[in-house]
Protein chains: 2
Amino acid sequence: MNQDKRIHHTGLQRKICSAEDAAQWIKHGDLVGVSGFTGSGYPKAVPGALAQRIKESHNKGEEFKIKVLTGASTGPQMDGVLAEVNGVSYRSSFNTDPKMRERINNGDTTYFDMHLGQVAPFYRSGAIGDMDVAIIELSSVRADGTLIASSAVGNNQLWLNSAKKVILEVNSWQPEELDGMHDIWEVSTNYPQDIIPIRTPSDRIGVDYMTVDLEKVVAIVETDTSDRNTPFSPPDDNARMIAGHLMEFLKDEKKKGRIPEKFLPLQSGVGNVANAVMEALSQGDFENLTAYTEVIQDGMLAMLESGKMSVASATSFSLSPEKVQYFNDNISKFRDKIILRPQEISNHPEVIRRLGCIAMNAAIEIDIFGNVNSTHIMGTRMMNGIGGSGDFARNSKLTIFMTPSLAKNGAISAIVPMVSRVDHASMDIHAVVTEYGLADLRGLAPKQRAELLIEKCAHPNFRPLLREYFKKGLDNGSMYTPHYLKEALSWHERFVATGSMLPK
Amino acid sequence: MNQDKRIHHTGLQRKICSAEDAAQWIKHGDLVGVSGFTGSGYPKAVPGALAQRIKESHNKGEEFKIKVLTGASTGPQMDGVLAEVNGVSYRSSFNTDPKMRERINNGDTTYFDMHLGQVAPFYRSGAIGDMDVAIIELSSVRADGTLIASSAVGNNQLWLNSAKKVILEVNSWQPEELDGMHDIWEVSTNYPQDIIPIRTPSDRIGVDYMTVDLEKVVAIVETDTSDRNTPFSPPDDNARMIAGHLMEFLKDEKKKGRIPEKFLPLQSGVGNVANAVMEALSQGDFENLTAYTEVIQDGMLAMLESGKMSVASATSFSLSPEKVQYFNDNISKFRDKIILRPQEISNHPEVIRRLGCIAMNAAIEIDIFGNVNSTHIMGTRMMNGIGGSGDFARNSKLTIFMTPSLAKNGAISAIVPMVSRVDHASMDIHAVVTEYGLADLRGLAPKQRAELLIEKCAHPNFRPLLREYFKKGLDNGSMYTPHYLKEALSWHERFVATGSMLPK
């Protein structure tokens, strides 16, 4: 294992050190910018060494907490280890780590949830202060000192530009052949910003490397550790039914000429339902698909290989352990078909609207009037975060939210009288799909949306209760949005009290 | 009054007829595209004649209702007269007419509320069907048959392209010198769409006229009638205090270098508070202001004249009767400083984000966690609609919502435990201002937002109650978003039951 073969710059070779030494550069109160997006491309060694330091400080009764900005979610060696030692005072922009989630929900960590396409402008606005340290995973360093990102681009270039000190992790588990797959283009820091010249998902507009002021690099750590690589979650019957309804809808839209012959770029979240959609697309009639999305998951890789999909543009990978192994072993097959961009570009409203994406995202719950909750459990606890769903939902040509009609073995209905948190207001949602059917909500008023969502999407166990709620709203004299406020959140209250939204 | 001097095309001169004759072209069930935005540039004669026909049909027991798509709000001679006869089955995209509001809220008219920058893509998506008739107000017709819009551009060119039959109203009240002030540029109907090449608010990218297939023009009606021109609503003390807090904030942002020396384009809504902000800006220290906004109101006109503002880009005017008279009499002063664009362009996320606008909009209510309701009264009744607030709020560099802390003589608090409707989720709101102060919410978690909004923005009468609610949420164990669901909407319930949010 000759990791330092990945570091071709002699000056930087001299800065190679242990994770423990590298972690010494980080102080209590520091704002730390970290690489990583959807469990890919995050640093694997320095955060653990830092967590150890933090633990020792805490044991001595000393304060030690840092503020962390990432691309999106990282993995157990980053958010997990830092949460374990209660080492993070402030966290943005997205998290899926269960230990960090617990810190966020018990108040130990202040969490700022935001659109992933707006993390960079938010940082540049200056509202959060200056970045002290960046910890960035790379796949290699070129001889000229330029840096090759690993499996996620995220906000890496901005963190490299902004941090006073830079720590690099060069991970030899990442294929060296990632070199050439990135497309780094920086949004102007001054206004008006430059036009983003992307006209198709395959357009390359920048350079394939990142840059850093080498004087700022204080440490380089060599690692050989896999990304988080969540196991593939195979589609179950419900997921397949959801995908089936969605495919029918897309076929019908194409037949009506609303989706052009050459189709439109796809954006898809991750997980069981998204996997079923990818499976259905790969077996379906649509050809020459493209993706303009955040993450490349197993199903897209399969379609790129089979030729169903010609190109996928994203900011990171989110692959299963099996698929990542296959990808790393066969990367040459994919090199010309994948482009990894900064998340500000992968999720930019300018490009999403220009391309006319089809956005397909998961919802936690949806109310009968078509508002979507993507973030909160029972109105109070943070699940993960809004992620890029808002960037795509607001700006896509077709915006679809998907969810099984039930959760918690039937105790929770995904279709509720009023969502306990709104992340996507009704005007941003074109269609909702559950295993029972698809509700095409375009152009409909709240009352019409309610009828469709209850009769087409809700689980039959909950339909009579939803109809009853809707009738109470109408009887109450509200004919535009017939809410009955007294009971609007009663299902959530009941669940918290009894463990089920169903009355005893 | 030689109105036909406005119609310089001989073929179209032959189609001049009465409003009554023109209205004959419209049938029950027709989808009608109408000009008009913020009470400007809507047809003044044909809708009245149509309303008369509808009334006669209803008197005979015949069905007669049409579906109406506009730019945004119109006036009493359009939405008012049609609502009076219950002549509209479907209405989108925005309404401020009190009679139409009543139809929407009593269920007579189906209302689809949407982002004003997305009306055109929504229509082009085909989801609402084909347009039967367009009724478009013009200021003149050129000899070559091209059409000059009047005081609003809205969706006019799209309606002219799409409708099977076109009715034109040429309004000689509108100054003929509007010719040259419009900039018509059409978004591509195919994907990927063209890049919108606007780099500053003053950029002209299209042509100054609209086109129509002359064969489709079935009638031209001559009118001489003013726009709605809502009387100027002078700033009261609260509005001046809100403007004062906002100016302090903007000054501070500029001092910190977060707003550049040449400032950023302003977007502003209309009304009492917006007027106070314009007044404060016109008296303040900022120079070389520009506007990239939906509507040009009295205050902007004053700043354009004084030189404080160099250019204003919008899709329509919304002036007081006095100011519109002044504008019409002195239009040559403003011709080079005002650009009226299609609303798809004035409100386009691509341009708004590129320019880095400062968005200043009114809210109906805001909850302690920073979510904004712009549309609904007590969760059930539609006020006006979301308008362009979402287009600007989501994409601007700075997004500010403003409201007096109280409404209905103190019976309603604008800061509530939970908004009864969410139009703008918390991540889209950077600052909230009431007469008590400004809460800078950037980067804050829900708990921190609650503390600021209660202590800086809420009216002192309601602060103890808000603190009590917040404490109940915390005591209830929710440390991320500490809602206490049982009482989350109790203030609205109490208002509906007792006429006040304050407990007896």
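The backbone N, Cα and C atoms fix where each Cβ goes, and this holds for glycine too.
Marked as domain 'Acetyl-CoA hydrolase/transferase N-terminal' by TrEMBL: B:11-222.
According to TrEMBL, the feature CoA binding site maps to B:Gly269, B:Val270, B:Gly271, B:Asn272, B:Val273, B:Ile364, B:Asn384, B:Gly388, B:Lys408. For B:Lys408 (CoA binding site), the same-chain residues that are 6 or more apart in sequence and have a Cβ closer than 8 Å to its Cβ are B:Ser500. According to DSSP, B:Lys408 (CoA binding site) sits within a helical segment.
Taken from TrEMBL, the feature active site, 5-glutamyl coenzyme A thioester intermediate covers B:Glu294. In sequence order, B:Phe37, B:Thr38, B:Ala72, B:Leu116, B:Gln267, B:Ala314, B:Thr315, B:Ser316, B:Gln343, B:Ser346, B:Asn347, B:Gly387, B:Gly388 are the residues near B:Glu294 (active site, 5-glutamyl coenzyme A thioester intermediate), counting only same-chain partners six or more apart with C-beta under 8 A.
Marked as domain 'Acetyl-CoA hydrolase/transferase C-terminal' by TrEMBL: B:327-469.
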Proximal but sequence-remote residues of the same chain as B:Gly269 (CoA binding site) (Cβ under 8 Å, at least 6 apart): B:Val295, B:Met360, B:Asn361, B:Ala362, B:Gly387, B:Ser389
Recorded CoA site residues B:Gly269, B:Val270, B:Gly271, B:Asn272, B:Val273, B:Ile364, B:Asn384, B:Gly388, B:Lys408, farthest C-alpha pair in Å: 25
DSSP-derived class (H/G/I helix, E/B strand, else coil) of B:Val273 (CoA binding site): helix
Integer mean pLDDT for the domain 'Acetyl-CoA hydrolase/transferase C-terminal' (B:327-469): 98
Count of other CB atoms lying within 10 Å of the CB belonging to B:Gly271 (CoA binding site): 17
DSSP-derived helix, strand and coil totals, residue by residue, for the domain 'Acetyl-CoA hydrolase/transferase C-terminal' (B:327-469): 49 helix, 37 strand, 57 coil
Secondary structure of B:Glu294 (active site, 5-glutamyl coenzyme A thioester intermediate) (DSSP, helix/strand/coil): coil
Among B:Val273, B:Asn384, the one of these binding-site residues whose Cβ has the fewest neighbouring Cβ atoms within 10 Å: B:Asn384
